[in-house]
């Protein structure tokens, strides 16, 4: 695109030269982390969440290592989404800590947690319906922007630069999740599968270190799930760390590097998929679980 | 990318067409001027500017043209009517930032209008014993003071759910009126006469800005409106505008996407308040007299009706709505007495039957969105040609 | 600031403030002297606020909506009282009627007011809010509609009855009943407080024990699940509005009893804001909270008025209390729980 300001995001030109450009470099060129690949990026320690008398999470402890796809599974009501919400600041945990790159996230407002590098999608899609797909993604990109009211009012150069690059990056992200040709549609008019992808794009736009996906395959048929698995792998290959909540075992087994299993708010297993499959505790937890998701 | 080659996620062209149709239909159903927005957006940029220039020139010529049928005479002086309409339009533009963009219901907007009026009056009227400054200085001063009040009121309430704001602002609107009555320094019903005006004299040595001559006040307010519109447009197509719309659409999701929602709500509230203060100061100057009788809650609801009537979230609609709310009672003097009833009923009817108002239009939220969307229609993407051509119009909607 | 920068532009710089020092006082002595009388008076007003606050709280609990039109539901009740009693030849001075005749007449007025208010509430619900619910309108639309309805009813009355208050109506001459700490409690205060408390206890028991009350709590807690469990949501909503209207009608009778010339097109408005403040103070959605909040707002307003030296301050004080409550404890004193959902 001719109005590109920063050379590293001149997507079309690079592609024409046959350069294989990963989305991470396009949308998040300044990513680095003190944590090395394979070391714990997120540390969840003794996370406990009580609602009145009900203990939804009981001293859950696990790590998310940089560069892995971690599955968080469990039967319905096991506390997956609660764990997720406690990690991302939706709930204030009763006790326990969540650390990102060794720094505690407790008590931070949600938008600051996102800016630290923990982004999420929603189980029940929550896009900004009156915005176009591209605008939705740009809202995510804004988390990394610095202009505020003053800069926007006076159209300062920083603002202009950020606006232009936001469009480039936003389009690159939409292209990455495969819906670039629908950038101009209002998100509430997009088909269901597109909305799910747009959610992922919007979360990626915040330039997260860890991308948390909350049942991204809900309502998908097997073929769509295959595509989603491919997309998740691509995201990881781009250098993102992924936390995946799912109760569809096949999808989780197929894509994750490691799995944490919750049951009744407690962690009952933490191992590679192959071991999880043979773990008697996990098997008994899932016994009686309807098989419809495995179809 | 690899994932786009999948069999099912991409709807086929028929489905995409259906979606485009649905979107177009949804758009058509809104608004009393179907297709106008589409046609407008399909025009090239320079043609749009040309049309805008024509509209602006006509707007400036209105007091001189005094068009028959439209004019409010003989019932009301047309120039003064225009001045009042322009003040209402400015009010609506300001309130639209709060209600239309950020989705915050401010029912005490008249309080900011009142604070602005009193600022102008107390710093310029000979009835006031305080420091006197030139009238034009009171405009920024009124903005600063109302912005301060906006922050003062916004900070405690904006952390809470949106509907508490409605009741707090409603109470605040009434409190300002009561305080104007009981605080002696604000002179209650006696009020302040001879509020100042901008400098300048005509050939005869008379001041240009007279209370009896609406034309210069109208021109002044119109100029202010144009400046405010340009600035509001800048905000709309920026991170700030996107944050506001995101908050309106889904506040929790916005927060999780990294939008500091509280900060931007306070900004919306403060910016809205300052425009309210500015319009109050202009109003005080034009009328020349300020007392506690002009700022009741009913006026606040009229302001809200102006925004809703024009089309919540649309700044051009706000101007239309604001002008209409001022214009209708002035033009049709026989129904002027019932204006509150009429606009109250209108408010309910619009909400029930046509929530988008007279001029429904979506905000443009990307400063360079046109470029991006236009680019989309250039390469005909194999089987989705239809979508992209239709999508071109959609991009225009941007 | 400006004077330093551009001294030549200033016309005049007299800074004398003409302080008429009677507009605000901080008269602790006055409060101490009038403490008990303002307490009883405050409780009387508080009882009325509490009855109106119940209407806000119930609707808020069920629909999560500030029903701005509730103040007009209340004022319609006031007009019901006014017309009934006018027809029964009540006037500015207390009537010369036997005790039971007065009681009978007041009960008739109460019935008319209750019916008028409840009917208004139900009509507002059906005409204004239900269409919005049906098309799943955003919250903002509900709020705007609510304020629009409030405004429309207000000015409908204005159009019909004009701007000035209706002629005063005295229901009976307040007679001293007993005195506490040297302050006389009169029959009027006693009637209002006792009747209001009875009504509120009845409402509380109704919500807690009856089948409909269970339905209301269920819808407040989770409308969708309640619907799945066989609760007729629409019917419950309508009932809730009706109960709120009923209580507002009762409040209307006591209000006219307390303020004989208070029947005016916009007479409900400020009272509505105060009643809502009472509901928030007690914990919105909480039936007992409405009672507590109402009494507190009544007391605080009255103390403030005596302390600051003008009746105008009552409204200002009530508003400041509302803002402070929202800052310090947005869930109110007793917490927000019509459905007892948040444990």
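Heads up, the Cβ atoms here are built off N, Cα and C, so glycines get one too.
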Transmembrane segment according to TrEMBL, located in which of C:19-41, C:180-202: C:180-202
Listed stretch, out of C:43-66, C:73-91, C:97-119, C:180-202, C:316-338, that has the most CB pairs under 8 angstroms to the transmembrane segment (C:236-257): C:43-66
Paired segments the transmembrane segment (C:73-91) and the transmembrane segment (C:140-160) in contact, 3+ CB pairs under 8 A: yes
Long-range Cβ neighbours of the transmembrane segment (C:140-160) (under 8 Å; 6 or more residues past either end): 63, 65-69, 71-72, 75-76, 79, 120, 124, 128-129, 132, 265-266, 268-269, 272
Within-chain partners of the transmembrane segment (C:316-338) [C-beta distance under 8 Å, separation at least 6 from its ends]: 57-58, 61-62, 207, 216-217, 220-221, 273-274, 276-277, 279-289, 292-293, 296-297, 300-301, 304-305, 308
